[in-house]
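*Asks:* Before anything else, here's the structure in question.
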Amino acid sequence: MSLPNSSCLLEDKMCESNKTTMASPQLMPLVVVLSTICLVTVGLNLLVLYAVRSERKLHTVGNLYIVSLSVADLIVGAVVMPMNILYLLMSKWSLGRPLCLFWLSMDYVASTASIFSVFILCIDRYRSVQQPLRYLKYRTKTRASATILGAWFLSFLWVIPILGWNHFMQQTSVRREDKCETDFYDVTWFKVMTAIINFYLPTLLMLWFYAKIYKAVRQHCQHRELINGSLPSFSEIKLRPENPKGDAKKPGKESPWEVLKRKPKDAGGGSVLKSPSQTPKEMKSPVVFSQEDDREVDKLHCFPLDIVHMQTAAEGSSRDYVAVNQSHGQLKTDEQGLNTHGASEISEDQMLGDSQSFSRTDSDTTTETASGKGKLRSGSNTGLGYIKFTWKRLRSHSRQYVSGLHMNRERKAAKQLGFIMAAFILCWIPYFIFFMVIAFCKNCCNEHLHMFTIWLGYINSTLNPLIYPLCNENFKKTFKRILHIRS
């Protein structure tokens with residue numbers, strides 16, 4: 001039995017002069033294998049679409065491009081592959097011209113949409129990595145959907161030459177009724193042009209984009225490692241009051257938030273914490289919170305900005321308290337009843353660009369005088385400016401934190417994109433290389449090799465849904481839940 005050539009993206013029966021024969025018993029094992037590939041392709045892509053629909057964690061903008069790719073792959077598996085197998089079995093086309101045109105249209109449109117879906121997915125990852133915060137404003141489901149519709153619209157443009165080539169070119173091509181092929185199958189210039197637009201140009205651009213993505217992610221990871229090596233995380237910061245008596249409970253073990261929340265106690269042991277509207281009546285001897293090194297000071301701007309004024313209930317109490325104040329460019333923390341000698345301070349000029357510091361002074365007595373109250377009010381006003389400054393710093397570092405989280409997600413997404421692109425190029429490039437050869441040399445064609453390159457391109461639609469759970473934990477968990485697979 002004569003082995004027919006199959007129609008595929010940019011290919012229509014160009015190997016007529018090199019036909020080979022194959023007996024029907026020899027053909028059946030191949031048909032079984034190809035049919036299995038077809039069923040697996042349909043099943044896996046349906047699983048991807050159902051997973052995205054049923055799992056809220058997968059309702060992301062990035063996964064809209066995955067859905068577009070899965071729809072294209074589903075069309076390849078549900079329409080293009082089965083009709084190719086049928087054509088292979090029949091050895092000739094006997095289903096009529098309308099069904100032939102439908103098959104050719106689905107083949108061209110789905111294959112092109114699959115390529116364009118990978119392309120716009122690559123662009124999305126590129127912009128997310130290169131401009132993470134700026135692109136977040138524009139990375140909406142509406143814009144992503146519009147981009148996807150644009151890609152599918154361009155793919156459907158294939159219908160125009162498939163259905164109306166003779167009408168637009170005002171020519172009549174000789175067509176064999178037992179073959180399913182386009183009217184432009186022997187027009188070399190058109191096929192070369194469409195090959196460049198459909199494959200070679202998008203592939204080169206994707207490789208360039210991915211090189212930029214890889215470089216940006218690598219630089220970001222190195223930058224984060226450098227920061228993490230020089231600046232501790234918020235949970236690692238320790239503010240420790242100097243305690244010459246060596247109390248059993250070391251304040252240095254407390255987190256910054258716990259230190260700020262520590263309440264003063266009255267003579268009877270009761271805690272007193274007054275609202276910010278109340279002015280402290282007394283300021284006992286101030287004490288510094290010592291740091292291991294200067295680099296930790298910069299993290300103090302991450303304090304929650306619930307600044308409170310605290311006051312001792314009874315004069316002469318030996319209980320300690322903390323008050324946040326700023327005077328003459330210094331941030332002081334005060335503790336009552338602690339006598340220290342010798343002043344020391346930690347500068348953070350290099351970290352914050354000003355002269356804020358933690359200081360310890362040698363005073364163990366404080367009298368409630370009018371001048372003292374005036375200084376407190378002045379310090380309170382100055383502290384207000386510090387709060388504004390701190391809030392700006394907090395917002396700046398919050399943006400950096402959000403950017404860091406976003407980059408971590410994009411690093412995983414870049415890994416997924418890398419696998420998708422590798423599968424795409426490995427599956428399609430043999431066919432397009434072979435296509436360019438036979439476009440200029442119609443006799444340089446081996447039918448078996450040609451069929452192999454065609455189906456290798458189709459198999460890309462089978463591999464794509466296997467890549468998603470491999471590189472995405474949410475996909476993996478959702479697949480296991482749907483298939484009732486225990487971890």
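Note that Cβ sites are derived from N, Cα and C of the backbone, with glycine treated the same way.
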*Asks:* If we trust Swiss-Prot, are V52 and K392 on matching sides of the membrane?
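*Replies:* According to Swiss-Prot, which assigns topological domains, V52 and K392 fall on the same side of the membrane.
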*Asks:* In Swiss-Prot, C100 sits in a disulfide bond; tell me which of C38, C122, C180 is on the other end.
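*Replies:* Disulfide pairing in Swiss-Prot: C100 with C180.
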*Asks:* Would you mind telling me which of 119-123, 419-423, 424-428 Swiss-Prot tags as region 'Important for agonist binding'?
*Replies:* 424-428
*Asks:* Going by C-alpha positions, which of the binding-site residues (D107, T112, N198, Y431) is nearest T140 (phosphothreonine)?
*Replies:* T112
*Asks:* Nearest to T142 (phosphothreonine) in three-dimensional space, by Cα, is which of the binding-site residues D107, N198, Y431?
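*Replies:* Going through D107, N198, Y431 one by one, the Cα closest to that of T142 (phosphothreonine) is N198.
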*Asks:* Could you measure the widest C-alpha to C-alpha distance across D107, T112, N198, Y431, the residues recorded as binding histamine, and give it to a whole number of angstrom?
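*Replies:* So the maximum pairwise Cα distance among the histamine binders is 14 Å.
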*Asks:* Tell me which of the modified residues T140, T142 sits in the most Cβ-dense spot, judged by other Cβ atoms within 10 Å.
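*Replies:* The residue with the most neighbouring Cβ atoms within 10 Å is T140.
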*Asks:* Going by DSSP, how much of the topological domain 'Extracellular' (90-97) is helix, how much is strand and how much is coil, in residues?
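*Replies:* Reading the DSSP string over the topological domain 'Extracellular' (90-97) gives 2 helix, 0 strand, 6 coil.
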